[in-house]
Amino acid sequence: MKKILLLGSGELGKEFVISAQRKGQHIIACDSYAGAPAMQVADECEVFDMLNGEELERIVKKHRPDIIVPEIEAIRTERLYDFEKEGIQVVPSARAVNYTMNRKAIRDLAAKELGLKTAKYYYAKSLEELKEAAEIIGFPCVVKPLMSSSGKGQSLVKSAAELEHAWEYGCNGSRGDIRELIIEEFIKFDSEITLLTVTQKNGPTLFCPPIGHVQKGGDYRESFQPAHIDPAHLKEAEDMAEKVTRALTGAGLWGVEFFLSHENGVYFSELSPRPHDTGMVTLAGTQNLNEFELHLRAVLGLPIPGIKQERIGASAVILSPIASQERPQYRGMEEVTGEEDTYLRIFGKPYTRVNRRMGVVLCYAPNGSDLDALRDKAKRIADKVEVY
């Protein structure tokens, strides 16, 4: 049995804890608020500010974990190097977590060091620099904070008149006090995918069937598997994913995102060194092993005999229309649970914000079925659940 310190206790962490419990592991779930989803299924829990390096060190010394598994990005990530030097396994590695937290570090690694195809980009430390970069890149363009998550601070800028708002919005959405943004060429893509990639301690890099997804404001709204893409494009994406994960080092599951263009091919977008929100579709039984089980096996060094597509699947999120500190209630469960070949997952978040992700609907069908129809079904059913 390993003692695992989980940093971040959202819905992805909750599913990881469930997988870990089924393998007899001991989990300490941490977050900045009490009653977070993963805490509800963990052995122990801690509530503290994970951006506070001293507090993070205190918790690590208190529990002396064998493994630290970051589940979110709002962590004092540079401290992970120290824990790794002390002999604690950081997942997938301290290097990976630090690089992927910073869009500057990961983009320069991908584009300049590894030669992966990406959108053209510049950095801006002031509004003037942002205006200069936009003039070079042209409109529309995408502006993002160097450090943020779930689309925070991200905007699509269609004209010079919108740049001042994009600058303020980006800085306000940035982690900490960093006032530097990345401005990117807008790629006219036909689709975007997540390629769940598994790096192992003792074994080859493995890939899950590609997952298509739709985002709004940089945040996941629906996903489906398998995404139908050109085999040559899939091979190109797999090669890029293997290159970047090998450079970042470590064992675990990664969510590697790509833009696909029929005209211009495959563009590397970004990656997360952990299970991915779009990968929740694997909870519909689309694969023999879902993304959380794969992450756990890679972390523990357990064998993964292979990844097989068992059936097709689609997911659609359930969002809160309200903000309240009261525990949320849900209408429509009877209707949803009466649907065939459908799972409902309520995450158990103790309070709501407007557009906060509160649950997900998962639909499945045999291989070869109509995937577009399944996507429509998942969205239709998700709309039946009312958060109040």
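Backbone N, Cα and C atoms are what each Cβ position is placed from, and that goes for glycine too.
These numbers come from a predicted model, not from an experiment.
Long-range Cβ proximity for D277 (N(1)-(5-phospho-beta-D-ribosyl)glycinamide binding site), meaning a same-chain Cβ under 8 A and a gap of 6 or more residues, is found for L12, Y220, S223, G255, R357. Here Swiss-Prot flags E11, L12, E71, D277, K349, R356, R357 as N(1)-(5-phospho-beta-D-ribosyl)glycinamide binding site, drawing on sequence analysis.
Marked as ATP binding site by Swiss-Prot: R103, K144, S149, S150, G151, K152, G153, Q154, E184, E185, F186, I187, E192. Under a cutoff of 8 A between CB atoms, and with a sequence separation of 6+ in the same chain, the neighbours of F186 (ATP binding site) are A119, F139, P140, C141, V142, L156. F186 (ATP binding site) carries neither a helix nor a strand DSSP state and counts as coil.
The feature domain 'ATP-grasp' is assigned by Swiss-Prot to 108-300, with sequence analysis given as support.
Swiss-Prot lists E257, E270 with the feature Mg(2+) binding site. Long-range Cβ contacts of E270 (Mg(2+) binding site) within its own chain (separation 6+, distance under 8 Å): T100, R103, I106, E257. According to its DSSP assignment, E270 (Mg(2+) binding site) is in a strand.
Here R356 (N(1)-(5-phospho-beta-D-ribosyl)glycinamide binding site) is positioned 23 angstrom away from E192 (ATP binding site), judged by their C-alpha atoms. The Cα atom of K349 (N(1)-(5-phospho-beta-D-ribosyl)glycinamide binding site) lies nearest to that of G151, taking the binding-site residues G151, G153, E184 as the candidates. For E11 (N(1)-(5-phospho-beta-D-ribosyl)glycinamide binding site), applying a Cβ distance below 8 Å and a minimum sequence separation of six or more within one chain yields P37, M280, R345, F347, K349, R357, V360. Mean pLDDT for the domain 'ATP-grasp' (108-300) in this predicted model: 95.
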